[in-house]
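A.B. asks: Swiss-Prot lists 40-90 with the feature domain 'I-EGF 1', giving sequence analysis as the kind of evidence. Summarising the annotation, Swiss-Prot assigns disulfide bond to Cys51-Cys69, Cys63-Cys74, Cys91-Cys112, Cys117-Cys126, Cys132-Cys159, Cys207-Cys216, Cys271-Cys296, Cys288-Cys299, Cys363-Cys384, Cys368-Cys382, Cys415-Cys429, Cys455-Cys469 (among others) and lists sequence analysis as the type of evidence. Residues or ranges marked as region 'Cysteine-rich tandem repeats' by Swiss-Prot: 51-494. Feature annotation from Swiss-Prot assigns domain 'I-EGF 2' to 91-127; the stated evidence is sequence analysis. Per Swiss-Prot, domain 'I-EGF 3' is recorded for 132-179, and the stated evidence type is sequence analysis. Positions annotated as repeat 'III' by Swiss-Prot: 143-184. Among the features that Swiss-Prot reports, domain 'I-EGF 4' is placed at 180-217, with the record citing sequence analysis. Annotation source Swiss-Prot lists domain 'I-EGF 5' at 220-270. Positions annotated as domain 'I-EGF 6' by Swiss-Prot, on the basis of sequence analysis: 271-311. According to Swiss-Prot, the domain 'I-EGF 7' annotation covers 316-362. Residues or ranges marked as domain 'I-EGF 8' by Swiss-Prot: 363-399. The feature repeat 'VIII' is assigned by Swiss-Prot to 368-414. Positions annotated as domain 'I-EGF 9' by Swiss-Prot: 404-449. Taken from Swiss-Prot, the feature domain 'I-EGF 10' covers 450-486.
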Amino acid sequence: MHPPGFKNFLLLVSSLFFIGLSAAPQSFSPSLRSLSGAPCRLSRAESERRCRAPGQPPGSALCHDRGRCECGVCICHVTEPGTYFGPLCECHDWVCETYDGKTCAGHGTCDCGKCKCDVGWSGEACQYPTKCDLTKKISNQMCKNSQDVICSNAGTCHCGRCKCDNSDGHGLIYGKFCECDDRECIDDETEEICGGHGKCYCGNCYCEAGWHGDKCEFQCDITPWESKRRCTSPDGKVCSNRGTCVCGECSCHDVDPTGDWGDIHGDTCECDERDCRAVYDRYSDDFCSGHGQCNCGRCDCRAGWYGKKCEHPKNCPLSAEESTRKCQGSSDLPCSGRGRCECGRCTCYPPGDSRVYGKTCECDDRRCEDLDGVVCGGRGTCSCGRCVCEKGWFGKLCQHPRKCNMTEEQSRSLCESADGTLCSGKGSCHCGKCICSGEEWYISGEFCDCDDRDCDKHDGLICTGNGICSCGNCECWDGWNGNACEIWLGTEYP
């Protein structure tokens, strides 16, 4: 039993509801909702119009395809790193230009995809100072890349900064020195960057999973997991950390274009022929002493020979250790690093060179010569690699006179290095020439400014004992070559 007037109240509510429906737009959809969750009072067409950029026709992207439209309002979302914002999701905090790795070159702020430059700066990335106090010469010098080419021949120099040539409007040339050209990534057939299957960075394509090729033009018919499995070496590393896995096959790095020491090969790049350098025998000018073959960096010795370098004959009554010990003498190296040890006896090298001699090749009279071949500066004699100077002279090569006709002031002025320091603080001055400290054997050079430890070594010897270290570089004696003078180019060894 309803109270009196309840029936009249229901009639009033019903009539108001139907009046509201008749006043609503004909295309009103109860499924549209406002941000508050209440039904949207806009038609679908009007809601979408408000979510489109001005001037865009019906059916075009809503919210720049970066969000969803709710009752005429864009709710932006993220589909890649960064944040979308703006009334129509038209702004992105990563789209501003960068220069030298900095957004707006660090001289402005990013405002909806465009740099707002600080006072005194201009350019799309705020990279150009409005006033330039550099000379053209200095400006051009600052614009040179590592090959000394101004703006990589792909732009012009403005006050020490490169402006890349992007007259086509695509902006594919960029970088501090315009060194990056993403046109290299465009597929000739599809005219798409990386064939539409990868990202381009500085002219190189980085392909999506399942695609490979210089421009991601080839599709792989195996799963990424299977591809990785096929490329994994026995030690569990993909391509032994020496190559790139492409669709289940390893492309090994080209580590030695000269071919001097071999390359990397094998199904999983497990074989590094550079390791053969450790078994190269400079006295036989061959790997494995000429008595074996280097395979994957190790010697496979022929019958009758054994050892790391196949250097020990099996018919020798001495063990390898005994043989090496007899050849060492007082040196840490067999035959003082200047000869071949076989069955406890040293054969000094180079062959036929009487300047290297001794039971363990301990004497090397080449050390008494300068680069012109003059022994002890013409002022002494050589005895087992050391100069015995004539009266009135001293020094490693008898290069210093004991009497000096200079004043101390004149002498010191000739011993000062470029920074004004006397003999670089590592030696003493005598008659206008620096005598480097004997306590630090590795200090050398006209002003004691060189460190002989910077020279290459082989078999534990600087310049392999076959040359002179000259300020970090090996100057090899006749018949020897290589960064460490380790390669014999003279007559064939017997």
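One is the number of the first residue shown, and numbering goes on along the chain from there.
Note: Cβ is positioned from N, Cα and C throughout, glycine not excepted.
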A.B. asks: Please classify the secondary structure at Cys63 (disulfide bond) using three-state DSSP.
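C.D. replies: In three-state terms, Cys63 (disulfide bond) counts as helix.
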A.B. asks: Measuring Cα to Cα, how many angstrom lie between Cys455 (disulfide bond) and Cys117 (disulfide bond)?
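C.D. replies: Answer for this pair: 50 Å between alpha carbons.
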A.B. asks: Among all protein chains shown, how many Cβ atoms are found within 10 Å of the Cβ of Cys469 (disulfide bond), not counting that one?
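C.D. replies: Result for Cys469 (disulfide bond): 22 other Cβ atoms within 10 Å.
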A.B. asks: Return only the integer: C-alpha distance in Å from Cys126 (disulfide bond) to Cys159 (disulfide bond).
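C.D. replies: Spelling it out, the Cα of Cys126 (disulfide bond) and the Cα of Cys159 (disulfide bond) are 13 Å apart.
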A.B. asks: Against which stretches of its own chain does the domain 'I-EGF 4' (180-217) lie, if we need a Cβ under 8 Å and a gap of at least six residues from its ends?
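C.D. replies: Sequence-distant neighbours of the domain 'I-EGF 4' (180-217): 154, 172-174, 224, 246-247.
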A.B. asks: Just to verify: the residue among Cys63, Cys299, Cys368, Cys429 with the fewest other Cβ atoms within 10 Å, which of the disulfide-bonded residues is it?
C.D. replies: Cys429
A.B. asks: Out of the disulfide-bonded residues Cys132, Cys271, Cys299, Cys363, give me the one sitting nearest to Cys469 (disulfide bond) by CA distance.
C.D. replies: Cys363
A.B. asks: Looking at 91-127, 404-449, 450-486, which one has the highest count of Cβ pairs under 8 angstroms to the domain 'I-EGF 7' (316-362)?
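C.D. replies: Out of the listed stretches, 450-486 contacts the domain 'I-EGF 7' (316-362) most.
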A.B. asks: Secondary structure at Cys368 (disulfide bond) (DSSP, helix/strand/coil)?
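C.D. replies: DSSP call for Cys368 (disulfide bond): helix.
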A.B. asks: Tally the residues of the domain 'I-EGF 9' (404-449) by DSSP class, grouping H, G and I as helix, E and B as strand, and everything else as coil.
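C.D. replies: Across the domain 'I-EGF 9' (404-449), DSSP assigns the residues as follows: 11 helix, 12 strand, 23 coil.
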A.B. asks: What is the number of other Cβ atoms found within 10 Å of the Cβ of Cys271 (disulfide bond)?
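C.D. replies: Its Cβ shell of radius 10 Å holds 18 other Cβ atoms.
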A.B. asks: For Cys288 (disulfide bond), name the DSSP secondary structure in the helix/strand/coil scheme.
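C.D. replies: DSSP assigns Cys288 (disulfide bond) to helix.
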A.B. asks: So for Cys74 (disulfide bond), how many other CB atoms are inside 10 Å of its CB?
C.D. replies: 23
A.B. asks: What is the Cβ neighbour count of Cys51 (disulfide bond) at a 10 Å cut-off, with all protein chains included?
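C.D. replies: Its Cβ has 24 other Cβ atoms within 10 Å.
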A.B. asks: Hey, which bits of the same chain come close to the domain 'I-EGF 8' (363-399), Cβ under 8 Å, at least six residues off its ends?
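C.D. replies: Residues 336, 338, 355-357, 433, 435, 465, 468, 470, 475, 477.
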